[in-house]
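Enquirer: I am attaching a structure below and will ask some questions about it afterwards.
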């Protein structure tokens, strides 16, 4: 069975189409919704503190130090929120930091793939990233993970340049390694360190020395400032980093399940590329992404099966897949293309069916499920949203029938499918999703129950995203139970069953709509 280059003219994607697709992908769904539960609310909470003049050096949530991150991404988010405050609410302006770093990531993949594999690979590498399922949510919520990947790809640019332009390669490598630590801590930089041991890197001993020196200078900016101002927080943060980075026997079936969908469709194309070029694996252009992939896999399989731990795989897999996507066999490329067509066409139909259920109540069973998942939500007919949905669907139809046959069609179709799916969900379902993911109603209800002159509020079982949301929406800050022993109020997160609390009277109960297992209850001391 022949490969594509032997049977069809190989025309890479047009640059302007690639730029348009990447731009739509990066910007869609970033604004227009509240901070959502979990990481989105947490990181916006840190940026909110910086925006208001606190926590610029020590990340804080609800006024209390938070040792799980460095403040690099949050500095950028706070600056963007300030620059856009005339047009956007804080959470939308701050969230723009994610597509900013996402653009740097895609540009970096374009540059790195071009240096390693040539012009055609440079054009297809960003499309492979856009089509990767695991990048969809991190690319559109408040999270430093995409910024860490942008630093990672800078390190790969440096490695690609190092043999031919040592000075430029050194600068890029230092920026990438130092930036990965500066933004992501040990978890951001550890998967890159084995690449520094490659023989070709060690032979450039002078360049390697300067790269390490410069990367340490970049990486130490925040720790140095912290050591001078608040050394105890630096100690706590470093202990947390060492504990999180320590390898452990964590491999399980969950790792394989997560790897299978998170890096789809990168991993089958990258595996084919490695096999196809197996005789040339010592070539620098292939050795770098192969070793990078193995290093990232070692990190992933020796840590908890979480999407965050799988993120380091994306850049090396993209660069490895870009080297072989135009060498896919006709049958394999056709199967990947067909699977993408069927998957995203089915998803498009399901999104419209769900929209019909929300707006018209048909089909009734699906409509009841939507109501059950987001009680209290009232769907309103929006002509602009429906027109946008129809336009997005028409674009998908054009992608189905107008994309010319080429070795890159499957990659382009996956990138287009992910973008269309996300744009359609954003246009038609975003208000419903936002209703169930935000703590806005809970925060405003809690504020009414407490009143303006409340005194201190102790907490029990409250998560960081809840604390961040209560602070952002209602200015409510709580104290740990041990520190708030004398407080008049107690805010507790409990399940559906109430806990007996002698000496306390319940005065309010609330939570996110549709989440019956997570209930917030406010108690007042008798």
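Backbone N, Cα and C define each Cβ position, glycine as well.
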Enquirer: Between 87-105, 144-162, 239-257, 258-276, which stretch does TrEMBL give the note transmembrane segment?
Expert: 144-162
Enquirer: Between the candidate ranges 37-55, 56-74, 284-302, 303-321, where does TrEMBL place the transmembrane segment annotation?
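Expert: Among 37-55, 56-74, 284-302, 303-321, the range TrEMBL annotates as transmembrane segment is 284-302.
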Enquirer: Could you tell me which of the ranges 205-228, 445-468 is annotated in TrEMBL as transmembrane segment?
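Expert: Per TrEMBL, the stretch marked transmembrane segment is 205-228.
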Enquirer: To which of the residue ranges 3-23, 381-401 does TrEMBL assign the term transmembrane segment?
Expert: 381-401
Enquirer: Cβ pairs under 8 Å with the transmembrane segment (144-162): which stretch of 174-198, 284-302, 338-361, 381-401, 413-432 has the most?
Expert: 174-198
Enquirer: Based on Cβ pairs under 8 Å, which of the stretches 119-137, 284-302, 338-361, 381-401, 413-432 lies most in contact with the transmembrane segment (174-198)?
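Expert: Counting Cβ pairs under 8 Å, the winner is 284-302.
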Enquirer: At a C-beta cut-off of under 8 Å, are there same-chain residues at least 6 beyond the transmembrane segment (413-432) that contact it? List them, or none.
Expert: 21, 24-25, 28-29, 32-33, 127-128, 130-133, 136, 140, 265, 336-337, 340-341, 343-344, 347-348, 351-352, 354-355, 358, 370, 374, 377, 379-380, 385-386, 388-389, 392-393, 395-396, 399, 403
